[in-house]
Amino acid sequence: MSQAAVESPIAGIAPTPIPLREIAPWAVFAGVVLLALLYLVGMDQGATSVFSGEMLHEFVHDGRHLLGFPCH
Amino acid sequence: MVRSLLVRGMIAGLVAGLVAFVFARVFGEPALEGGIAYEDMVSAASGETGGPALVSRGVQSSIGLAVGYLIYGVAVGGILALVHATAQGRLGRLGVRGTAVVVALVGFTSAVLVPFLKYPANPPASSLDDTIGERTGLFVVMIVISVAGAVAATALCRRLADRLGWWNAVLSAAGGYVVLVGLAAFLLPAISETPRDFPAAVLYDFRLASLGGHVVLWTALTLVFATLADRATRPSALAGAVPTRAS
Ligand SMILES: [Zn+2]
């Protein structure tokens with residue numbers, strides 16, 4: 001008897017697009033930070049180094065191999 | 001809205017990173033240890049004694065592995081959210097969850113699966129130290145070509161959809177993408193450095209665990225993010241449109 005809330009039908013209620021100019025600043029700033037994180041986990045102190053030494057490389061070493069980044 | 005999606009993407013990524021870490025710890029570490037054992041055997045045979053370890057194996061295989069997967073998960077989750085924010089409402093009549101699933105499928109295929117087919121993950125001691133620059137460069141080039149190809153294919157698909165319908169548009173765009181990455185994989189140089197006596201089972205298990213970890217990570221990420229993103233968009237988008245729920 002309870003018409004348990006009709007969820008969005010199969011056709012879906014297409015969401016309103018978010019204006020690109022609203023996305024752009026986030027894409028630029030957050031995008032750069034997120035890609036920098038990927039770089040630090042996957043590549044730094046390998047082929048290229050932003051931070052000197054081996055500490056970062058050694059610490060995330062196993063993740064680097066298993067995530068598929070080139071290592072040794 | 002973008003901020004809300006971004007935060008949810010990163011939270012979903014954190015959860016996904018944690019789940020994938022558990023998978024990697026259970027299924028990946030034994031194979032990784034196999035590579036280290038081979039490395040020790042080779043260096044023992046040549047009389048080398050490795051210097052003192054900067055980070056112990058115990059730390060590398062537990063906290064280090066966890067931190068690696070968590071940061072990777074958060075970063076991938078955030079990027080997924082940003083792409084989703086752009087795609088939402090622009091992929092035909094797909095709803096929020098459907099959009100999240102499609103974006104994640106395209107993302108996983110183009111950023112992980114296709115590059116993996118050309119340049120798969122390698123366990124320790126199965127690559128040459130001197131070629132790290134070349135291997136890293138080629139890996140990045142393959143990812144860039146594949147991701148750019150997927151973005152172009154998606155844009156093409158949207159343009160074709162009006163004329164051909166969604167089914168034919170998706171097939172045409174996907175076909176174009178496959179041809180492009182196939183050509184790239186054919187033209188880019190192969191890397192085959194695995195030592196002749198490197199244990200085959202270790203290599204096989206390691207690559208399977210690596211790909212498995214990615215599948216686990218992206219599956220968890222997609223499910224959690226789609227759920228969270230749907231909740232984020234629901235109240236404002238449907239304010240007043242939802243009939244009062246009977247308890
Ligand atoms: Zn290594």
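Heads up, the Cβ atoms here are built off N, Cα and C, so glycines get one too.
Automatic prediction, not curation, is the source of TrEMBL annotations.
Here is what TrEMBL records for this protein:
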type	residues	note
TRANSMEM	B:63-83	transmembrane segment
TRANSMEM	B:95-117	transmembrane segment
TRANSMEM	B:137-157	transmembrane segment
TRANSMEM	B:169-191	transmembrane segment
TRANSMEM	B:211-229	transmembrane segment
Contact set, same chain, for the transmembrane segment (B:169-191): CB under 8 Å, 6 or more residues outside the stretch: 110, 114, 117-119, 127, 131, 134-135, 138, 141-142, 145-146, 149-150, 152-154, 156-158, 160-161, 163
Contact ranking winner - B:95-117, B:137-157, B:211-229 against the transmembrane segment (B:63-83), Cβ under 8 Å: B:211-229
Tertiary contacts of the transmembrane segment (B:137-157) (same chain, 6+ residues out, Cβ under 8 Å): 87, 106-107, 109-111, 114-115, 118-119, 169-170, 172-174, 176-177, 180-181, 184-185, 188-189, 191
